Structure formats: C-alpha cells, structure tokens
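Read the structure below first, then the notes.
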Amino acid sequence: MTSAIDPCSFSSFSSCVTKHLNLTFHVDFDSHVLKAKVALTVEVLVDHFTSLTLDTKDLKVSKVTANGQAAKFTLGPKHSFMGTPLEITLPFDLSRGQHVIVEVTYETAPNASALQWLTPEQTAGKKHPYLFSQCQATHCRSMVPCQDTPAMKHTYYAQVSVPKELVAVMSAVRDGEEPDPQDSSRAIYRFRQPVPMPSYLIAIVVGALESREIGPRSRVWSEKEFVDKAAYEFSETETMLKTAEGLAGPYVWGQYDILVLPPSFPYGGMENPCLTYATPTLLAGDRSLSNVIAHEISHSWTGNLVTNKTWEHFWLNEGHTVYLERMIGRSMESEQFRQFKAMGGWKELQESVNTFGANNPLTNLVPNLNEVDLDEAFSSVPYEKGFALLYHLEELMGGPEVFMGFVKSYIQLFSYSSITTEEWKHYLFTYFKNKVDILNKVDWNAWMHTPGMPPVKPQYDSTMADACIALCKRWVKTKEGDLGNFSEWDVKTLSTHQLIEFLSLLLQQEPLPLSHVKRMQEVYQLNSFNNAEIRFRWLRLCVKSKWEDAVPMALKMATEQGRMKFTRPLFKEVYNFDKYHEEAVRVFVAHRAAMHPVTANLVAKDLKVDNDKST
C-alpha cells in the first residue's frame, strides 16, 4: 500500500478508516441549514488508538460521542480553502481491528460550499424552494464531518426530514417515506447505499420533484416543467447502460436515475451513484449531447467503482471515463465517430494548456496539489491528456479490442478500492507482460510529470472532421468582397457534432472580421440555435470579432444558466472586449447572488472583482 497522505484532507486515515455513515438531516429552508447528526462506524488500524481527526468546513459542532459516551473535541485553525480539522479524543483506547461509533451532532452554515439553496424565483416552478449539493472534490466536509478523501470508501444510510410538499432524493437507493413523527407538516425520506463509495459522491436534492420511468432500472427526476422533455432526451439510457456493461462488466449500483437540475448547476453532469446529475443545458431537443450521459454512466465503473486514491490521480477517474465514454460512442455510432470526438478532445486539451500556460504544473497529468485549491485546478487536462495516453497505449498494444480487454480487467481487479497511478502502471505492465519492451519505450515522465501538451500527438482519423476543417479554412481565407460565395447549404449536411467542431476550429484562429460573422449569421442563422454547445461557441466567436449585438446575448447566456464550461469563458470574452469591460463586471455583480458559490468565486477571480464580499 502507498503511504496514506492526501494533501487535500486533514483526516487521520493511516490510523483508522470509516466503514459506514448513518446520516440524519433536517432540511431547514428558512435558515438555509441542515440540522444534522452523523454516526461514523470507524475501524481502527493501530494499537493504543485514542483520537481521530475529521474534515469539516464551516460546521457548527455541538456534541460528539463515542459508543454513546461523551467525547472531547476541538476545532483546529481554519484553512483558507481546506476547512477546519475536527480533533476528537475518545474516552477510552482501542486496539487494531476494533470498531467505534463516533456520533457528531452539528449544523451546516448557510453558505456551506457543498450546498446551494434556491429561492422559489430561481426554480422553474417559481412556487417552492430547492436545495442541491455538489460535494466533488472536497466540499462534502461542509455538509458532513467525515474523512473527506477519495482514499476512504464507505456505505451509508440516511433519513431526511423535509417539508411534506417537497421530495428528497439522494445518491442511494430509495428506502421509503413516512410522515415526520415530530412535525406533521414534514415528511421523512429514507435512503440506503450498500456499495462502498467515497464521500465526494454523497448527494442530496430537495425540491418540487417529479419522476418518469425511462427504463427497467432508470427514472428521470426534475421539476414538472422539464420532466417530460427530460424523459424524451434520456430515453436511450438503458441502451447505453447495456452497451457499457458489455464493455466494462456488470452495473453494480442497482438503480441508475438521472436528475435534471436547475440552471445554476455548475457542471455538465455529476456521477453520483444511483442519481446522475445533468445540466438542463442538455435539453436541446436534438439528442446530440448524449455523450454527457455516456460519460456519467461510464463513471459507474471508472471513478465510482475504481477510484483515484487522492486528487493528484484524478486522471485515473477521468481519463478512463472519457476512454469508456468514447468506446460506448464507437459501439452505438462508429469508430469514425470515436476518432472525431477524440480530435475534439485534443483541441479542448490545447485550450486548457493555453489558459493555464504550457509551463504550469497544473497541466501535469499527475500534478502536485499541495496547498492547491481544487476548484481552481479543475480543467480538461485529466480528461483529455488522460484519454490521449490511453489511446496512445491502445495503438501500441494492438488496438481497441485488445486495450479494452485491459481496461475491463483493471476494473475487475481494483473494484471497490481506491488506487494510485503507480498501482495502475504496475498492473498495465503485468497485464501486457509480453509487451514490456514496448511499454518501456513510453516516455512516462513526459506523460505524467511534465507540463504542457503530451509528448506524442495521436494521428486520429479525420474523415468526419475534414468537412469542418475545409469550411473553417474557407471562412478564414475569404476576402470581404467574396462573402457572397457562402450559402445555407454549407452546413446543411453537417451533423450537430460537426457544426460544434467547425465553430471550435474558428475559435482557435485569429478573430474573424466583423463583416464575416455578420455574413455567417445571415446565411447560417446561428442566433436561432438552442443547442447550448453551438450557441456558446457562436457567441464567443461574435464577441471576439467585436460584434456589439452579441454582447447582451453572451451575457444572457452566461447568467441564464450557470454551467462553468459556458459561464466563465462568456464572461471573460465580454470582459476582454474593452468597451464592455465594465458591463461584464456590472452584470456579474447583479447576478452573483443567484450563482452557485463555486461559479461565483471563480468568475469573480476571472473578472478581478473583490472576492471578500459574500457570495
């Protein structure tokens, strides 16, 4: 075993491990807090064990017991982003192999970084408040005192008291509901998660939710305004699950539900077991964005079942998940489609490297995260640099079928555990023991520990990309007098994926002259597209070219939804348009209170707005 050190956690996990959490939440919408209790079943790993440390962040702890006896506790100094260690002294000492139940009674803070409380006005229905959590990477500690490290996996049971007109769901199997015996205006929902999982996958959502069945083991949840549209969008879920099982082995989590969140959710999706979160920006009406769901489904194996031991090894979660997601695309579409998506991913990687800077150590596949705020380190590097490495190895080892054999075997071997890059690499060399001479020629140091782009650029099949590349070149090279040569037929045969790729290619070029983007709108009518991926790229392109009409549309998109992938670049693009620098700041400040705390914090940094004001 590798040494148990996680630079992102205070918890003492070399001396004890959490096996189970029993959670009791009382959701208080008036004060925006969870009044809570957690009982941690802890297994002791050393003799003469008398104290343990848990991660917390902005929690108000009122009482701690150990096996029912009062235990002394102190909260250590507060760290700027890691929170506060909760030091617990047991009233007895324990030996290796023994268990203790540590119960903490506490309350979350109204500004807990894991929780977003929405007013009725911020929901689709406008009648009821709404709560959702987002614990990845290190925010669970603001909701539950725990060993908040992916090295630790545990089962959990929860009971949640909510106003009876609302519904609670969690990243677990539903285990019934009943009136709250203490308060007739409330109901209690129960949940159980029998598969051990890390703390960052604990999730809770409370709102005026409805659900529709979309498959034998799947429902879609959302406010009633979106639920039928969501059921239509995600109707291919069971096909994807079956395809993934064919590639990676049995799905062990029982239920696979999808929850469409309100627009302020900061990510495209989140792979909470039994309850994948999805952004409403996916409800574009053309089913082109199912790769987000393919990605979250893939996490059921890579990430949730086999987990990175610490966040430095995040690429193990994300690189393998992108690889599996594209293998699902290959099975459901074609190998050319997989190659096309891989080319797009390489461009996203290039953009992340450009944003961070080619010498920034955060562009290492395995970065050093000492004193690094993980929210600021988040990028496509672990996803796309990780995928590029796996694809490179696939080519060296004998193609997709051969390499997928390794991935499936790796998942089987390391299921239910958390591992490091070294353990992954050791197994790679063991599995391909007849090809060790080829593996030894890989420049592992350049791939893993060197910033910037990978040492090898894979040669992807460009069949599906060629039309996008050709159209991009035409626009870049055409003089103003020849703009009449473009017509709506240029894009009629392009798929949604290809149109996204065409706009992505243009974004990598110098800004187009204003006359060109105006002509593009005339012939392609891009303003009328509702697909969020197309709209996002198109509006960035317009603002880059200093088209003033696009500025209000860009700011509208940046504030109507809160997906960071869209919101941050749109704000930055307007901010960089000198004439609208102050307008970007003004709109951000006006909308800041409605944003997710992580998004608000990062946009404030992007726009150099004072971050001390509360979000």
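Going from the start of the chain as shown, residues are counted 1 onward.
Just so it is clear, glycine is given a Cβ too, placed from its N, Cα and C backbone atoms.
Listed in TrEMBL:
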type     : residues                                                                                       : note
ACT_SITE : GLU296                                                                                         : active site, proton acceptor
ACT_SITE : TYR383                                                                                         : active site, proton donor
BINDING  : GLN134, CYS135, GLN136, PRO266, TYR267, GLY268, GLY269, MET270, GLU271, ARG563, MET564, LYS565 : peptide binding site
BINDING  : HIS295, HIS299, GLU318                                                                         : Zn(2+) binding site
DOMAIN   : 463-607                                                                                        : domain 'Peptidase M1 leukotriene A4 hydrolase/aminopeptidase C-terminal'
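Residue counts for the domain 'Peptidase M1 leukotriene A4 hydrolase/aminopeptidase C-terminal' (463-607) under DSSP, split into helix (H, G, I), strand (E, B) and coil, are 115 helix, 0 strand, 30 coil. When the recorded positions GLN134, TYR267, GLY269, TYR383, MET564 are compared by Cα distance to GLU318 (Zn(2+) binding site), the shortest distance belongs to TYR383.
Within 10 Å of the residue listed as 'active site, proton acceptor', counting C-alpha to C-alpha distances, fall the following of the recorded positions GLN134, GLY269, GLU271, TYR383: GLY269, GLU271. Here GLU271 (peptide binding site) is compared against the recorded positions HIS295, HIS299, TYR383, and the shortest C-alpha distance is to HIS299. You'll find the Cα of GLN136 (peptide binding site) roughly 16 Å from the Cα of HIS295 (Zn(2+) binding site). Over all protein chains present, the Cβ of GLN134 (peptide binding site) has 24 other Cβ atoms lying within 10 Å. Checking Cα-Cα distances from HIS295 (Zn(2+) binding site) against the binding-site residues (GLN134, TYR267, MET564) with a 10 Å cut-off leaves nothing; none qualify.
All chains included, 23 other C-beta atoms sit within 10 angstroms of the C-beta of TYR383 (active site, proton donor). Neighbour count (other Cβ atoms within 10 Å of the Cβ, all protein chains): 24 for GLU296 (active site, proton acceptor). For GLN136 (peptide binding site), other Cβ atoms within 10 Å of its Cβ number 25. Neighbour list (HIS299 (Zn(2+) binding site), Cβ cut-off 8 Å, at least 6 residues apart, same chain): GLU271, ASN317, THR321.
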